[in-house]
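Engineer: After the structure tokens below, expect a handful of questions from me.
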Amino acid sequence: MALTQFENDLEILRDMYPELEMKSVKVEEEGEFPQRINGKLLFKISLLADVNIEFGEQHMLLSNLSNECVEFTIYSCHYPDIRRCVVMDIKSLWISTDEKKMLIDKALRLVEETVDMSIEFADSFTSILILIFGFLIDDTAILLFPNGIRKCLTQDQYDLFKQISEEATLQKVSRSNYHCCICMEMEKGVRMIKLPCENANVEHYLCRGCAKSYFTAMIQENRISSVRCPQCEYKELKLEDFKSYKKMLKALFTPLIPVSFLKEVIDTELCERYEKMFYNQAATRLSKYCPYACVTCRRCDSWCTKEDLDDAMIQCQKCHFVFCFDCLHAWHGYNNKCGKKVSLSTDIIEEYLDDTVTSYERKRKLEAKYGRRVLELEVNDYLAEKMLDLAIKKEGSNLQRCPKCKVVVERSEGCNKMKCEVCGTLFCFICGVLLYPEDPYEHFREAYSGCYGRLFEGMPGTET
């Protein structure tokens, strides 16, 4: 075979595969077929349909793959022994060593089964390469993705496929035309910015100029809720719909436009301003809905948010000050009790307590808002107070509440003029009314008083 015919064959191959490179061609004499041909081809495995990439509970759809590379050396002197004639190596970031060996073996077996080994090598040279390249491009997906699924063995493998998918998407976007939803101009994807819309099934784009001016204006005007895709429908977050406090936190403190995205579009100073305003706005809203969730740090005045509603210990993420949510002093440990910062209303406690009226879902929402442990403690206190009230109202009871601090006082002896040992308040044991400190007995002397003449009523030793 003349060398010019070999060169013609190479031109045919290059026309079919523009990425084909021939590294070296060695000949002994002019006009002879090359004894050794070195080359490589960048190729992309063709996916007939989207494939599922899985790792544990993570999964994603993959539509395109990155370029792989096959390096080959052909020795004409070893023909027709195709195993010695063709030496191949596949370069890939994600195809395993065993899979590479399997693909090469199947490619060579296809050549052995298809090419007529009785003809001259010069006549079969082009056919061999076309078969190998065609197999790698068109027939390997079914082997590497059986049933359209690829199960990753490590997180790194899964992340690699995620990166491949993102790069393939970027390449596709850069070649396509898109409308900016603000100025309505059409531009190539390379000049556009794809917005990170909450709905993954939609694709909205802004040209770089509009993206910068829009987000800059929204932040400068303190319109934090407008820092989002201007084309997507906006739905305000309803905190009362959440049944989990942690899910509420995640939803409330996750911006619709990630700060990492904004850093690629606007100035760093504006990004920092937005991040601070967004967090403060979210924390303020949470503190109004969940009284046990947020408080400002007494050291640096930054908002601090609880990770666990039932935990009184809280740490400032800015200055790292650890303090008690209830008393706002430096953390004193769980065993040293302090006063409650917030008390629940009786209506909330009774609603949580009543299983006949309150549904399971409503209870979960109350727990997401106030904390399960907080509710249980409040319920226990409420029931204890109810029991005390019943004991006080019982006929012949020697118990009464202080009208000021509500502490239960027991009369073991003496008259009906009582003094609270906690707050020092003077009151009538019979009716609970406050007594004048200057003349506490006036209440029992006045004829219009319901306790007139009853100062010693019920006093041990005075029964008649």
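Keep in mind that glycine also has a Cβ here, set from the backbone N, Cα and C atoms.
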Engineer: Swiss-Prot lists zinc finger for one of the ranges 66-122, 180-236; which is that range?
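Structural biologist: It is 180-236 that Swiss-Prot annotates as zinc finger.
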Engineer: Which bits of the chain, at least 6 residues beyond where the zinc finger (402-431) starts or stops, bring a Cβ under 8 A of a Cβ in it?
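Structural biologist: Residues 388, 392, 437, 440-441, 443-444, 450-451, 454-460.
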Engineer: Restricting to the same chain and to sequence separations of six or more, state which residues have a Cβ under 8 Å from that of CYS405 (Zn(2+) 3 binding site).
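Structural biologist: CYS405 (Zn(2+) 3 binding site) has long-range Cβ partners CYS420, VAL422, CYS423, THR425.
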Engineer: For CYS210 (Zn(2+) 1 binding site), name the DSSP secondary structure in the helix/strand/coil scheme.
Structural biologist: helix
Engineer: For HIS443 (Zn(2+) 4 binding site), which residues of its chain lie six or more apart in sequence with Cβ-Cβ distance below 8 Å?
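Structural biologist: Non-local contacts for HIS443 (Zn(2+) 4 binding site): CYS428, VAL433, LEU435, TYR436, SER449, CYS451.
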Engineer: Cα distance, CYS300 (Zn(2+) 2 binding site) to CYS210 (Zn(2+) 1 binding site), nearest Å?
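Structural biologist: Roughly 37 Å, rounded to the nearest whole number.
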Engineer: What count of other C-beta atoms do you get within 10 angstroms of the C-beta of CYS428 (Zn(2+) 4 binding site), across all chains shown?
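Structural biologist: A 10 Å sphere around the Cβ of CYS428 (Zn(2+) 4 binding site) contains 22 other Cβ atoms.
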